[in-house]
Every structure is written in C-alpha cells, then in structure tokens.
C-alpha cells in the first residue's frame, strides 16, 4: 500500500526528520469495495494484481494497473486543463472550480492529494486556504458532499466524552477548532466555518510535514446569529441563536475535557473565534491544556517577525525596533494580539516596562484613535489606550488619516477586516513617514477585506516601501522593484529593492 507518511519522509530526508513517519507497511482491516471507498487506503487503479487478489478487488477495477506517478501526471493534466478552460471566468467561479477538483481528489485518494499539494504548494495554497477558503465557507452547505473532521454541537452536551471515541484514528497530534463565529473577515458563518480547520490542517500537512493521519478538524456548533443562514433550507448547522455566557463555556469545557482525556498530548488550536470568546478561552485553558489561539498568538508571532524584518529592510540594526512608531488599525483579537506581542518585544529589548514601551504604538478601532478619554473603553484595549496629554495635536477618536499625518509612523499595520481602509490619501501620507523605507502591512483576509492591495501600496506610498499581506496578491512590477509573492498569514513578504 502507498503510505503518505513514508513518501513525505523520503522526499524531505536530508533536510529534516519527521517524527511522525510510519515505518513499514500499513495493516488493512478492510476488503473489497470498502477499501475503494476509503481515501486513506484507496489507490484507484494503482493496485497490482497480487493486492487485488489478496484484498478482494479483482473485478472491481479496470484491468490496467496505473502507477502512482502516472495518476499524478493525469491529475495535473486535468487541473491545468481546468485552469485554461476557466481563465475567462470570474475569479470566484474559477477558484471554486479548482477547489472542487482538489476536493474530489481528497475524497478519493488522500495519498495522491497530499503529494499534489506538497509538490505544488505555491499554486494550491490560495485554493485550499485563503482567499478561496472564504468562498468555500460562504457556500459550504451547497458544496457539501462528504463529511470531514468532527462536529460537536450544543445538542451533544453530556455526550462528548463518548463521541470523541468515534474518531477512527488512535492518535491525534493536532486539532484545529472553530465555532464559526468570526470566519476570516466574513463574520458569523456558523457550521460552514468547518472549511477553515480543514484548509489550515491541509496547509500544515503540505508545508510542515505533519502526519495527515494524526490531524483532526473540528467544528463546535453552538448556533448562529446569521439570520440568512438560519433561513437557508440547505444550512447544515443548528437552527438556533448562538449560546452565550456560561451555557457556551460549558460546551467548550466539555469538549476540551473529552479531547484531552483521549489524547492528552494533542495540541488544540483555537481558530476564528469572535473577540469576546477568543481572549476568554485563551485565559481559561492556556495553563490547563496544550492549546493556543491562532488569531491572538499565531498572527502575532508572524507579524512580529515581519516587523523585525522591516527594521532589517531599512538597513538598521534590530535594536532600533524600540524606536519604531507603529500604528495598528483594528482592535479585534488579532490586532490586540499583535500589539501585545510587539509591546512585550520592545519592553524586553529596551529593558523597561510595558507601559513605557506603549509610547511607540497607536491603536485605532472603528471609532478612531483609542485614548483613555474614551467612554466605555474595552478592558482588552485599555492597556494600549493613549493618554490625551501625550498626543499633542490628536484627540480621542482621531481618524486614520489624521493619525498618519501627525505621527508619521514607520509602520502602518492593518488587521481591521475593512477592505480598502488604507485609501489613496492614507497611503500618500505614508510618504512623509519618519522612516526612509516605511512598511505597510495589509493583513486582513480574504483578499477583498485587505486594507489595500500590493499594487495600490506601491503606487501611492512609493516604490521604496516594505509591504506584507495576509492574502495573496500578484507580483508588482515597477522596474527597479524586486517582489516576492505573499500569501496567507503574511507568510510571504513583498518589499522594494
């Protein structure tokens, strides 16, 4: 039998060693059509006659034996043909068509699916994850063909400890969990948010070498407040408003206890939880279980790496990071997570308190600049609120353009989810930055929710900038500009030469 873990390990041998590699052949406890219907064991027409006889497959497949390599080539030819045929279609139609052909392969033959992803990660990352995954989630109930992962709902209260043993894998290393309450920048998508954990884990397998037999995408369905979904006859989730307060936390508590009872060494990644539950659950579980919140901690880690990279791009020593003036637009879980991580980094590098480190940072939300003069100031944003006496020329609620013109920041970082908020005026104002090479981070996704495009950033802010984004943009050709393709979670970095 083909074994993906062995294939992945052999392809990466010499560069890294995968602890998840499975030695030796795998044991199959199925026969006949059951094997062909199981994507883990199915090899399509690749079964040699000895295996067809031993596994009861003779007569269930066409007579010709086609190698793994031949099947790989055939799929890629089909994909390239689809690419050509949909070239003139709207981008959304083309992207969903590509997702469908990959999803059908995933349903049929997981070994071949992951081999295709590994070898073509640059082409397929935008299809299996952002920006296409946003379209998939919005239309998931209509696209649904085969269940993937596990679904725990409010109706399963009291049953989760037994339910967790319904998952067939004996070991699970990585779980990505969402409640669908804040999917990318698209809001509450309820059970349709399962597309995010599926896509994220596929990225982990293809790009990080995690064993695909030891991953688990999970949807925690506690209802939805999206009236459009509640009225959709195809909607697959609970038709009820979201649970709140203790009722909500009781469901999450029960799930976490069940998971870590069966798999005590697993990692649970909380993904796309709405603001009020993202911080609450992180504080509730971080000292009890092996878990993290990707929006607060994962995005913050990658953003901090980008911010430090910006200092280097400016030709300055890393120690100068403490002098960078940074404007953060967006006070949600991701924005505050990035801000907290950056403030901690400045505090440690400068050897002073976090309160002192705050002086270099400016936070804006939907109501403008956040200061201590604000009424009903959110407790999570309070540590980063400016003292009105320290911001001469600016007032509570000052808009983005006013802040950029007055502060002249080294870095303008967006995690607002508001597409185009870095408009022409704001980008042109960045030309007056105190940095000779200012940085613009448009980190919201999917692409339509990005604060600005790469092309607009270079057009209006000038060629001598550093740019990073949370969604993919085409390369920008400005003559003297050297650019690198950038994609989800700012894993790519685009900068002027």
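Just so it is clear, glycine is given a Cβ too, placed from its N, Cα and C backbone atoms.
The active site, proton donor annotation in TrEMBL covers 129.
Taken from TrEMBL, the feature active site, proton acceptor applies to 200. Sequence-distant neighbours of residue 200 (active site, proton acceptor) (same chain, six or more apart, CB under 8 Å from its CB) are 129, 176, 217, 269, 271, 294, listed in sequence order.
The (S)-malate binding site annotation in TrEMBL covers 182, 445. Packing around residue 445 ((S)-malate binding site) is summarised by its Cβ count: 26 other Cβ atoms lie within 10 angstroms of its Cβ, all protein chains included.
For 271, 272, 295, the entry in TrEMBL reads divalent metal cation binding site. With a cut-off of 8 Å between CB atoms and residues at least 6 apart in sequence, the same chain places 178, 180, 181, 182, 183, 184, 193, 196, 295 near residue 272 (divalent metal cation binding site), listed in sequence order.
Taken from TrEMBL, the feature domain 'Malic enzyme N-terminal' covers 106-286. Restricting the average to the domain 'Malic enzyme N-terminal' (106-286) gives a pLDDT of 95.
Taken from TrEMBL, the feature domain 'Malic enzyme NAD-binding' applies to 296-484.
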Other same-chain residues whose Cβ falls within 8 Å of the Cβ centroid of 271, 272, 295, the recorded divalent metal cation site, in sequence order: 178, 182, 183, 196, 270, 273, 278, 293, 294, 333
Among 271, 295, the one of these binding-site residues whose Cβ has the fewest neighbouring Cβ atoms within 10 Å: 271
